[in-house]
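Undergrad: Before anything else, here's the structure in question.
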Amino acid sequence: MEVSLPKMQFATWFKDTSLEINGDTASIIVANSFSKSWLQNHHAKDILEAIQKQEKSVSSLEFTVKKQDQTQRMTLELSPKKAPKSPAETPPVPAKAVIQPTLNASYTFDNFIVGNNSALAYAVAKEAATHPGKKHNPLFIYGGVGLGKTHLAQAVGHEILGKDSSKKIVYVSCETFTNDFIAAIAGKKMSQFKKNYRDADVLIVDDIQFLSAKEGSQEEFFHTYNTLHQNSRQIILTADKIPQAIPALEPRLQSRFGAGIVVDLQPPNLETRIAILQEKSKEKKVVFPDNVLEHLAKNISSNIRELEGALNRLATFCEFNCVSPSISIVNSALGDFISSNNRTVDSSKIISCVCKYYSIGKDDLLGRARKKELVLPRQIAIFLIREQTNKSLPEIGKIFGGKDHTTILHAQKKIESSVLIDSSLKSDIEQIRQNVLSIN
């Protein structure tokens with residue numbers, strides 16, 4: 001499979017799998033339910049054929065999600081727990097002092113649900129963790145609020161610590177970096193400030209766009225960046241936009257931020273949102289009916305953070321009121337939340353923004369003409385309506401002149417695959433998305 005698939009695709013879907021053969025059945029052990037569903041739907045036949053070339057006795061294939069105790073999960077304990085010591089016992093002196101990083105224990109690769117919106121970013125982050133400082137340096141992750149930028153950035157830190165607990169991981173928000181810099185100047189402790197940041201093996205800075213217009217902080221970060229990069233230390237930055245779009249950011253920083261690899265996280269599609277809810281439900285050890293999770297996923301499409309917040313709120317409501325989750329309970333517990341999300345985007349806003357962005361008429365966009373200049377905008381509009389609204393494929397087909405649902409699905413899949421390799425298209429879609437969300 002590694003030979004026949006693109007490198008990034010193999011790294012995303014196959015690298016964390018294992019194979020077990022029991023009699024005539026081959027079992028593929030995967031990290032989570034979303035990976036299981038994806039592999040079953042897209043690669044089951046190819047996998048079985050590849051196995052049968054090596055093991056002719058195998059006639060069937062099954063996919064199994066890795067059990068909790070099989071999954072390696074990072075903790076923030078950087079040294080093993082010690083047995084109680086007698087009062088006379090002298091504690092050993094560590095060979096090297098390790099600064100405990102402020103990483104969220106749940107922000108690991110194991111807990112990150114991969115979808116078409118995040119497959120490339122996930123694969124690149126995994127490679128950066130495997131070859132820190134050597135491949136994809138810096139790693140620049142951008143995207144909207146609540147889409148998993150911090151999760152993915154910290155997952156790299158956890159992975160590196162898992163291989164070598166002596167590594168110094170420095171994770172800060174850009175605001176913290178700036179505040180530390182100001183405090184160091186005021187307290188005349190610049191040498192300590194520089195040591196704290198420039199001695200890092202891995203530097204992770206969240207929301208780097210907040211360096212905008214801060215000349216002194218930009219100057220200091222420039223020198224910190226250069227020191228780390230010249231010493232092959234891994235740098236990971238997150239932001240809400242690409243480096244070139246950050247206002248009042250020095251060109252030399254824009255150039256350096258984009259010199260490694262720039263990847264984005266898009267809002268998850270419906271299938272990925274359902275998979276995220278399923279995984280979060282397992283983590284909370286709460287059973288939600290599939291139709292309830294699907295109802296939540298259809299009604300909350302903005303970002304992952306709001307999706308998880310809604311699930312937490314529903315779980316709390318059910319617990320305190322001693323009721324079982326159902327669609328009617330969802331509407332009671334989250335009525336205001338869902339209606340707020342539903343008011344955010346409708347198809348007419350998306351159509352209007354696409355037409356304005358590409359300077360085309362609404363009738364042309366929704367019509368049947370297949371002129372070259374209309375095909376891409378039409379596909380983008382379909383993709384965004386599918387992503388941002390609750391409309392089904394047939395409903396979207398009606399909007400676009402009665403097109404068959406398979407045509408709508410093809411347009412959606414076409415854009416989903418194209419954004420993985422076309423950075424210009426990604427930027428166009430992100431700008432249109434922001435334009436849509438800015439409409440009151």
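Using the three backbone atoms N, Cα and C, a Cβ is placed for every residue, glycine included.
Sharing the features that TrEMBL gives for it:
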BINDING   GLY146, GLY148, LYS149, THR150  ATP binding site
DOMAIN    135-263  domain 'AAA+ ATPase'
DOMAIN    346-415  domain 'Chromosomal replication initiator DnaA C-terminal'
REGION    1-71  region 'Domain I, interacts with DnaA modulators'
REGION    72-93  region 'Disordered'
REGION    102-318  region 'Domain III, AAA+ region'
REGION    319-440  region 'Domain IV, binds dsDNA'
Undergrad: Let me know the DSSP-derived helix, strand or coil state of GLY148 (ATP binding site), please.
TA: coil
Undergrad: Within a 10 Å radius around the Cβ, which one of these binding-site residues has the most neighbouring Cβ atoms: GLY146, GLY148?
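TA: It comes out as GLY148.
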Undergrad: Do you know the DSSP helix, strand and coil residue counts for the domain 'Chromosomal replication initiator DnaA C-terminal' (346-415)?
TA: 52 helix, 0 strand, 18 coil
Undergrad: Would you report the average pLDDT that the model assigns to the region 'Domain I, interacts with DnaA modulators' (1-71)?
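TA: 74, rounded to a whole number.
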Undergrad: Rank the binding-site residues LYS149, THR150 by the number of other Cβ atoms within 10 Å of each Cβ and report the first-ranked residue.
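TA: It comes out as LYS149.
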Undergrad: Would you list, in sequence order, the residues of this chain other than GLY146, GLY148, LYS149, THR150 that have their CB within 8 A of the centroid of the site's CB atoms, where the site is the one recorded for ATP?
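TA: Apart from GLY146, GLY148, LYS149, THR150, the close residues are GLY143, VAL145, LEU147, HIS151, LEU152, THR238, LEU265, ILE304, ARG305.
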Undergrad: Treating G and I as helix alongside H, and B as strand alongside E, what does DSSP give for the domain 'AAA+ ATPase' (135-263) in helix, strand and coil?
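TA: Reading the DSSP string over the domain 'AAA+ ATPase' (135-263) gives 67 helix, 24 strand, 38 coil.
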